[in-house]
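Down below is the structure, laid out as structure tokens.
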Amino acid sequence: MAMTQTENQTAPQQHIRIFDTTLRDGEQSPGVALNHAQKLEIAHTLARMGVDVIEAGFPIASPGDLEGVSRIAREVRGPVITALARANRADIEAAAKGVEAAEKSRIHTFIATSPIHMQKKLNLEPDAVIERAVEAVRLARQYVDDVEFSAEDATRSEWDFLSRIFKAAVEAGATTINVPDTVGYTTPEEMRKLFAYLKAKLPAHVILSSHCHDDLGMAVANSIAAAEGGARQIECTINGIGERAGNASLEEIVMAFHTRRDVYGYETGIRTRELYRASRLVSRLSGMPVQPNKAIVGDNAFAHESGIHQDGVIKARETYEIMNAELVGREAAVLVMGKHSGRAAFRKALTDLGYGDIPDDKVQHLFGRFKDLADRKGQIYAEDLRALVDARSDVPQTFSLEGFQITSGMNMMPVAFVRLHTPDGPVDATAHGDGPVEAAFQAISKITGISPTLESYRIQSVTRGDDALGEVSIHVRHGETQLNGTGVATDIVEASARAWIRVMNMIVAGMGKNKAITQMTP
């Protein structure tokens, strides 16, 4: 029976640990390629938001992954920093090296336990799988005191076997036991019963954890059901990104517990006002746009089109809104600046929006972009400033855009004239293309001498009105390296050119991503 609001006010809130795997499982999304600086920025955002555990990566995948995990371990304080490892010595030693500098470190090791995985992938008998799991946990405990063990494809495994392998892992030193719904197969009722079964079988001090995929659209519901069954850690990602259909969405889980604490009685410790900012950051850096109707962080999440709904909200917001937009960091379209605003007012506006930690040299660059935008738009809103800040470059500026001109029309080949600032000074180039954007790309590549392959191109409006800012997101391949670039401007071609130049600078700086290991993980 559900608790009433009055009952819940006196009942103690049980803490649910939030384990964020955006940087590991989320990055396994097709087309996502995060470099070290981008991963670090996301990790700092997660720490500021209050997550309990950050899964920083899969160190054995490549030297670049190992360095990315190590950098997060060195620089991010607050959350536990963990790294993933298969149940073998090489993986575990790489994970240990990756997290050795962390303030609080964990190794997360796993092996498959379902009959189909043991037979078809591992070619091992169940007892041999248990033996490997025990050896892996014991080895991990030689490096860290905090070890998480996962049974890959747990929800298609035999419950008795899960109980056996989890007991063996705990006896070997595992402190957290994770139950992944690796292929998104289970249902909430099955999940609740499975966790209740495991809770009864395992020692009380062990933390049970869920890791749900969204193949049937039930990842969030399954995660909540796991908590009802006894899970005290939930693994999830910002915006629900991840392999195939993605993972359980962090922001949806957190706000479900927050909004319906009268029913669940759980708290997460997440600073909810950071959710929208984190969502935008991950969307921009990953190149994966958030669908407009996505719960909590979608553009339409707090929009009301129906006249009846609009009238109700005007009279009393709670008639059709179960939470305040401000609670998740969404501001109303408030006018904050104009073209006559000065640098001090600009700095204050950034601080008010939560960007007070931006260094002075970056603020100076952003102020220049703001003045250019104010000359075009006149009135600048909070969402415009957010878009400018989100588009700031974290890449060394070998090349920068000084100007461009497009000649295009019906029944004529588009021509782009582009001028870039380079280490040798201003350089001009002209090129043709199938459209004005491709012509601009070709002209830029002429100047830089770099011609990557464009694999995807997306554009979306990030502010409102006829003079809205547009954000272009591109995914390119340069040899074996994958890169994402973004650009923001009121002009589509300019935004596209800025995204292409960003990719050029990333290539020069060696900031691409080479996905070396693609084996399925929990």
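Cβ atoms here come from the backbone N, Cα and C positions, even for glycine.
Here Swiss-Prot has HIS211, HIS213, ASN247 binding Mn(2+), and the candidate from ASP25, ASP428, ASP434 in that same listed site is ASP25.
Of all the binding-site residues listed (HIS211, HIS213), HIS211 sits in the most crowded Cβ setting, with the most other Cβ atoms within 10 Å.
Taking the mean position of the Cβ atoms of ASP25, HIS211, HIS213, ASN247 as the Mn(2+) site, the remaining residues of that chain whose Cβ falls within 8 Å of it are THR21, PRO180, ASP181, THR182, CYS212, ALA219, GLU235, CYS236, THR237, GLY242, GLU243, GLY246, ALA248, PRO522.
DSSP assigns ASP25 (Mn(2+) binding site) to coil in the three-state reduction, outside any helix or strand.
In the structure as shown, the Cβ atom of ASP25 (Mn(2+) binding site) sits within 10 Å of 25 other Cβ atoms.
Secondary structure by DSSP for the region 'Regulatory domain' (400-522): 30 helix, 57 strand, 36 coil.
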